[in-house]
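A.B. asks: Feature annotation from TrEMBL assigns Zn(2+) 1 binding site to C155, C158, C208, C211. What TrEMBL records for C172, C175, C194, C197 is Zn(2+) 2 binding site. What TrEMBL lists as domain 'J' is 4-69. According to TrEMBL, the domain 'CR-type' annotation covers 142-220. Residues or ranges marked as region 'Disordered' in TrEMBL: 361-388. Among the features that TrEMBL reports, repeat 'CXXCXGXG motif' is placed at 155-162, 172-179, 194-201, 208-215. Residues or ranges marked as zinc finger by TrEMBL: 142-220.
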Amino acid sequence: MKRDYYEVLGVARDAGTDELKKAYRKLAMELHPDRNPGNKEAEEKFKEAAEAYSVLSDPEKRKVYDQFGHAGLGGAGGGGGQQFQFDPSQFADFEDILGSFFGGGLFGDLFGGGRRRSTGEERGSDLQYNLRIGFKDAIFGQEAMELSIPRLEACDTCHGSGCEAGSRPETCPQCRGQGQVAVRQGFFQMLAPCPRCEGRGRFIPKPCKACGGEGRVHRKTKVGFRIPAGVDRGTRLRLQGQGEAGRFGGRAGDLYIVFDVEPDPAYERDGSDLHRRLDVSWPLLVLGGTLPVETPYGADKVKVAPGTPADHVVKLVNAGVPRLQGGGRGDLYLHLRAAVPKTLTAEQRELLEQLRRSLDGEAAGESEEGFLSKVFGGSEKNGKKKRK
Ligand SMILES: [Zn+2]
Ligand SMILES: [Zn+2]
């Protein structure tokens with residue numbers, strides 16, 4: 001005996017669309033063949049739930065079912081003949097658990113293919129090419145780039161049709177051009193791809209000799225493109241129609257160039273911002289002055305105010321990387337760090353000692369908190385130790 005569809009899904013007779021969806025999703029997850037390997041009962045229940053959902057989620061079928069029950073859906077033959085046909089598009093919301101219907105997937109495995117194909121053409125595959133570029137090329141971009149890409153291209157001899165000159169594809173006699181044939185599976189009648197024409201609906205009586213009837217051949221071709229200014233590691237550039245040609249004259253796929261960017265010893269990149277560490281003499285920080293700096297756009301000068309802290313950050317607006325989206329550029333952050341000389345000449349040492357005595361004298365009574373801690377904000381442990 002067939003169970004009531006509402007009972008199968010565990011919903012009330014007035015359940016709304018969302019409620020149906022929810023109930024079906026829960027069941028499909030529970031009874032999923034991946035979770036119940038080899039469990040025939042679970043598989044049958046899984047199919048039962050799919051059938052129930054496909055009826056109740058279709059307003060027309062639901063109306064008939066509500067009025068006449070299972071008998072109403074039994075097909076023109078009536079008499080309890082359990083004919084049943086799925087419309088895979090009703091399950092499009094469940095692709096995350098069931099897999100893709102039109103490309104086969106779990107649904108296709110259990111119920112037979114749901115491939116929808118009206119012509120014999122097939123879109124070609126997308127291709128991916130990983131390209132490593134220099135740090136500066138990523139910032140400034142590069143015109144007139146060229147890559148040699150091995151790929152399948154439309155056959156010149158037959159112009160992609162796969163047919164010998166003077167011949168043309170013929171309608172498949174087995175499926176009468178539908179590309180699908182009805183297959184019985186238990187009480188289901190499912191549509192499966194036609195075995196004779198592989199679902200294309202047509203076949204090639206005289207295949208082209210150059211491509212064996214595929215309509216495409218292997219070739220290595222130079223593809224031109226430009227690197228936009230501002231690409232980053234992982235940026236994908238899509239070159240439409242530069243992927244592989246489709247079989248039997250189908251549309252070509254796309255070529256994706258995925259960038260990797262060489263690091264630069266001077267800069268650290270964070271999106272469209274750049275960071276650069278700079279060692280500067282501490283008298284410059286103390287006294288102030290002008291600091292010459294290099295940016296990706298050339299030499300520049302930065303004004304350093306007197307009494308600048310030892311870990312100061314200077315922001316050079318618009319000196320970063322161009323933004324791929326939104327325009328403009330990021331900023332360049334200069335992380336200034338006081339350089340402490342390791343060796344000194346006798347003269348420099350004398351001058352420093354003089355300076356220290358002078359500064360220590362100024363701060364009378366703070367013998368431990370000497371000149372170095374003034375300059376370095378009290379964090380210079382070495383300075384303290386030496387003076388003990
Ligand atoms: Zn050919
Ligand atoms: Zn066929």
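Cβ atoms are placed via backbone N, Cα and C, with glycine included.
So where do these features actually land, and what's packed around them?
C.D. replies: The Cβ of C158 (Zn(2+) 1 binding site) lies under 8 Å from the Cβ of E164, A165, C208, A210, C211, G215, each on the same chain and at least six residues away in sequence.
Counting only residues at least six positions away in the same chain, the Cβ atoms of C172, Q174, C175, Q178, G179, Q180, V181, R200, G201 sit under 8 Å from the Cβ of C194 (Zn(2+) 2 binding site).
Cβ atoms under 8 Å from those of the repeat 'CXXCXGXG motif' (155-162) belong to residues 168-169, 204, 207-211, 213-217, 245-250 of the same chain, restricted to positions at least 6 beyond its ends.
In the repeat 'CXXCXGXG motif' (172-179), helix, strand and coil residues by DSSP number 0 helix, 0 strand, 8 coil.
Mean pLDDT of the predicted structure over the repeat 'CXXCXGXG motif' (194-201): 84.
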A.B. asks: Cβ within 8 Å of the Zn(2+) 1 site centroid (C155, C158, C208, C211 excluded): which residues?
C.D. replies: D156, T157, H159, G160, S161, G162, C163, P207, K209, A210, G212, G213, E214, G215, R216, V217
A.B. asks: Taking the Cβ of C172 (Zn(2+) 2 binding site) as the centre, count every other Cβ atom within 10 Å, in any protein chain shown.
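C.D. replies: Cβ-Cβ neighbours of C172 (Zn(2+) 2 binding site) within 10 Å number 21.
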A.B. asks: Once near-sequence residues are set aside, which residues in the chain of C155 (Zn(2+) 1 binding site), 6 or more away, have Cβ atoms under 8 Å from its Cβ?
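C.D. replies: The answer is G162, C208, A210, C211, E214, G215, R216, V217.
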A.B. asks: Which of the binding-site residues C158, C172, C175, C194, C197, C208 have a Cβ less than 6 Å from any atom of ligand 2?
C.D. replies: C172, C175, C194, C197
A.B. asks: Other than C172, C175, C194, C197 themselves, what residues in this chain have Cβ atoms within 8 Å of the centroid of the Zn(2+) 2 site's Cβ atoms?
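C.D. replies: Output for this site, in sequence order: P173, Q174, R176, G177, Q178, G179, Q180, V181, P195, R196, E198, G199, R200, G201, R202, F203.
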